[in-house]
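Here is what TrEMBL says about this protein:
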DOMAIN    1-451  domain 'Major facilitator superfamily (MFS) profile'
TRANSMEM  39-62  transmembrane segment
TRANSMEM  74-94  transmembrane segment
TRANSMEM  100-121  transmembrane segment
TRANSMEM  133-156  transmembrane segment
TRANSMEM  162-183  transmembrane segment
TRANSMEM  195-214  transmembrane segment
TRANSMEM  261-283  transmembrane segment
TRANSMEM  295-316  transmembrane segment
TRANSMEM  323-342  transmembrane segment
TRANSMEM  348-365  transmembrane segment
TRANSMEM  394-412  transmembrane segment
TRANSMEM  424-445  transmembrane segment
Amino acid sequence: MASKDRISVAAIVVSQVAPPFMFSGVAVALPSMGVELDAGATTLGLVATVFLAGSLAFLLPLGRLADATDKRTIYKVALLLFAIVTAAIGWMSWIPGILALRFIQGVIAAAIGATGPALVADIVPPERRGRAYGALLGAVYAGLTLGPVCAGLLIRVASWRAVFFIGAGLLLLAFSLVALTLPSRWRRSTRSAQLPSAALIVVAVSCLVAGSATLRLGSLGIALLSAGVVLSIVFVLIQRRLEDPLLDVRALARHRIMRDALLVQLLVYMSAYCLVFMLSIYLQVSLGHSAEKSGLLLALASLLMAASAPVAGALSDRVSPRVIASLGVGSVLACTLMATQLGPQTSLAYVAVLVVLQGLGYGLFASPNMTIIMNSATAQTVGMASALSAKSRALGMILGMLVTVVLISWKLGDAPVEQHPAEFIEVVVVGFEVLALVGAVALLISVSTGRARSGEAQPG
């Protein structure tokens, strides 16, 4: 690989720190934002939800656009717009305006997610992509780890607005690095934009996200979730009939390597949300530890992900990436199995081992599985493959959120968790029993795909 290509990849890797830094840092800033702007818990929840809706809904349309035009231009413009919108949120004092800007942020994040890994695939040859994706995901995990720590410090010495202003500065720096190293190659698209299909998937995914977030409200959440499922099925049926679909579901169904890698990723990431959410409450409510101590312990997982992802990526260039990914799935499965034994007297050391298995599991899994997905795509479809990869991760976390919400609603209803620590432990145990079963299925698929991998040709 030429030296200029190495510099380009390095710039892309460094630029990947800023978006997750903003995503995780905002979570810490929400309470302070609520106090200053007099926003309730439901409104603050929307600050996170609308970002997720915008990001997940627009991944496929933007992946299609990136493949048809120029991934470099889209990536650079997205970083610049992300910086501008982030700074604008820092100046905003009107909650509806903040929500609108957060939705726009989500759409821009979708453009970054659909183009970043695809750019690496364009530059790095297949036999070296493991190391590159390991570094890329290591940067993402580093951003997720640093976000809460830096946000907490900024809020202490300044205010929640400083989180957005500093984040905007980091994004501008990332844009400058990429703009200097990646010249644009814009070309006019010769493919249909498939706007009806794009609109349908945007509405379907928005309903899924909104329904998941409002499921506790009863009929409204159920109606939105049902509409999202029905519209998603309609989308798939329409794509099967089109000659030039937005998403070629028939080709995806035939291509076992990519299909199974995406499915395993979705199943594995179902545990990601539950592990963070339920362990955080469990440590504070059931075991009585402080929020600071609980946060530091859970941050250990992100640190291990950031440290192990580059190592796993480099190893996947030397041995089968599916072997490394399967080890990661096994570690996540062991973590969820251990979590089924949590109780009111569980030691902090036991929880720490569980968190270590979580961090190592996702660190070992993420970059080899990304390598499998991107190496199984053609040069004309790497943008869509990148978008599908991001979409499967997000859908997995949404499904995990649904498992959590359903169990809490079933066991606790609207009662505060703090008043029912014993019942919450039952929720934790049942939830992780479900996720352990899901993890076992993911491991079986991962191992069986690995056996078939050598005999299956990649699409050309």
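One is the number of the first residue shown, and numbering goes on along the chain from there.
Cβ atoms here come from the backbone N, Cα and C positions, even for glycine.
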For the domain 'Major facilitator superfamily (MFS) profile' (1-451), the mean pLDDT of the predicted model: 85
Result, the transmembrane segment (133-156) in contact with the transmembrane segment (162-183) (3+ CB pairs under 8 Å): yes
Any contact, the transmembrane segment (424-445) to the transmembrane segment (323-342), with at least 3 Cβ pairs under 8 A: yes
Cβ pairs under 8 Å between the transmembrane segment (39-62) and the transmembrane segment (394-412), at least three: yes
Best-contacting stretch, by C-beta pairs under 8 Å, relative to the transmembrane segment (323-342) and drawn from 74-94, 133-156, 261-283, 295-316: 261-283
The transmembrane segment (195-214) in contact with the transmembrane segment (74-94), cutoff 8 A, at least 3 CB pairs, sep 6+: no
Cβ contacts under 8 Å made by the transmembrane segment (348-365) with residues that lie 6+ beyond its boundaries: 141, 268, 271-272, 275, 279, 283, 287, 289, 297-298, 300-309, 311-312, 324-325, 327-335, 338-339, 342
Distal contacts, the transmembrane segment (100-121) - CB-CB under 8 A, six or more residues away: 8-9, 12, 15-16, 19, 22-23, 47, 50-59, 62-63, 66-67, 71-72, 74-75, 77-79, 81-82, 85-86, 88-89, 92, 129, 132-133, 136, 182, 370, 374-375, 377, 382-387, 389-390
Whether the transmembrane segment (133-156) meets the transmembrane segment (394-412): three or more C-beta pairs under 8 angstroms: no
Tertiary contacts of the transmembrane segment (394-412), as residues 6+ beyond its ends and Cβ separation under 8 Å: 52, 55-56, 59, 208-209, 212, 215-216, 225, 265-274, 277-278, 420, 423-424, 426-427, 430-431, 434-435
